[in-house]
Amino acid sequence: MLEQVQKFLLSRAACEGSDSHTRYAELFHKLDVNKDGKVDILELQEGLKAMGMAVGKGAEEKIVEAGDTNKDGHLDFGEFMRYLEEHEKKMKIAFTSLDKNKDGKIESSEVMNSLKTLGINISLDHAEKILKSMDSDGTLTVDWNEWRDHFLFNPADNIQQIIRFWKHSTVLDIGDSLTIPDEFTEEEKKTGQWWKHLLAGGMAGAVSRTGTAPLDRLKVMMQVHGTKGNSNIITGLKQMVKEGGVRSLWRGNGVNVIKIAPETAMKFWAYEQYKKLFTSESGKLGTAERFIAGSLAGATAQTSIYPMEVLKTRLAVGKTGQYSGMFDCAKKIMQKEGILAFYKGYIPNILGIIPYAGIDLAIYETLKNYWLQNYAKDSANPGVLVLLGCGTVSSTCGQLASYPLALIRTRMQAQASIEGAPQLNMGGLFRKIVAKEGFFGLYTGIAPNFLKVLPAVSISYVVYEKMKIQLGI
């Protein structure tokens, strides 16, 4: 069916007037399943799906809303034809703006240059994948007919929106804050779309962290106390409930949620500054430079909010009634240990950024490119499940590499609050853990940490998508 539709749409490429009307009429006839002379959202969804035409989420609703001039919830043939005529005009403008050398075809270099002007740098291989998703004759170039038919039912009407159709950014919050920040185009920065994405991501992170807080607190307890009294996940959760009731499972979560906003803002600002510093004269920012800029941005953000990390750990390992809240905890730490206590464990925390961010980025790019090279037959869009899968696997591998440093950081943050515990530095703690608990002692608490990855990713994605709709992204 798709092949027939493509042949039909690609035929008579230069046709205007009545020929265009005939083309629209035949397409309308295919979509009007119940033959009532109108096409509604459901018929659009089913018809486009049957034709194999991939459109963005909610595209059918946007098409009907844009073309439905009499607001009856349907498109009659006149409305359908006018919508496609207007949409094709906008698509022609977008095509012309991409076709820099005016040869009537879009090439890989033109895709790369256009994305570059919007603040996105991609490889030649990625540009070719984008073209292949539209190229029906195998020439690795896209002419007007191929361009028009690919975006025929995509409601994007300018080059910036089409670029966003190609650009995929997924916000995943698994409770760790060492990932490299998202990229935003210059257009997104100018129009204010960036802060909406950050807000949506922040809300997703807050809900995700709250939903998985019991497992996060159990991880901290196991990191600090070893497996004593917490030999497995169920036993550990029961011990926490027995000590402080069900509410104690969320102890320390408030700080964990509150720190999302300042950390995200600082990381975004710092990343933009470091990118300017590392961008070459040609304006290109390679993968290595992006990794360095992202790692430095993460270190800057962590430095600014690190006292809140210490508060989170102290509240999580604290006993019932020990602290009345975040400010009481901060006050008691200051009085007893001084201001430097708020930066205990800072060095292993910063050192953990390099393996986490590096492995996370490297594995994500490897998995994404593997999919593009082996499975991207009809589209350069991997889809939600593939992107979520790549993000989950890469983040998990990053955690695995940096976990020993995270464990040492947590113990250094908490050791002053444990009576009789020696105040060891990073090296001393490492030797003590290996000598007493063996090599695998460096991975104490990793089971609940891994257990919360899947629900955390799922919750953050669902909330992020809902927030995008609410914010009109």
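Any Cβ shown, glycine's included, is placed from N, Cα and C.
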Do Phe278 and Ala416 end up on the same side of the membrane, going by Swiss-Prot? no
Can you break down the repeat 'Solcar 3' (382-470) into helix, strand and coil residue counts using DSSP? 75 helix, 0 strand, 14 coil
For Glu43 (Ca(2+) 1 binding site), the spatially nearest of the binding-site residues Asp68, Asn70, Asp72, His74, Glu79, using Cα atoms, is His74
Around His74 (Ca(2+) 2 binding site), how many other CB atoms lie within 10 A of its CB? 19
Nearest of the binding-site residues (Asp68, Asp72, His74) to Asp32 (Ca(2+) 1 binding site) - Cα to Cα: His74
State the Cα to Cα distance, in Å, between Asp68 (Ca(2+) 2 binding site) and Lys38 (Ca(2+) 1 binding site), rounded to an integer. 11
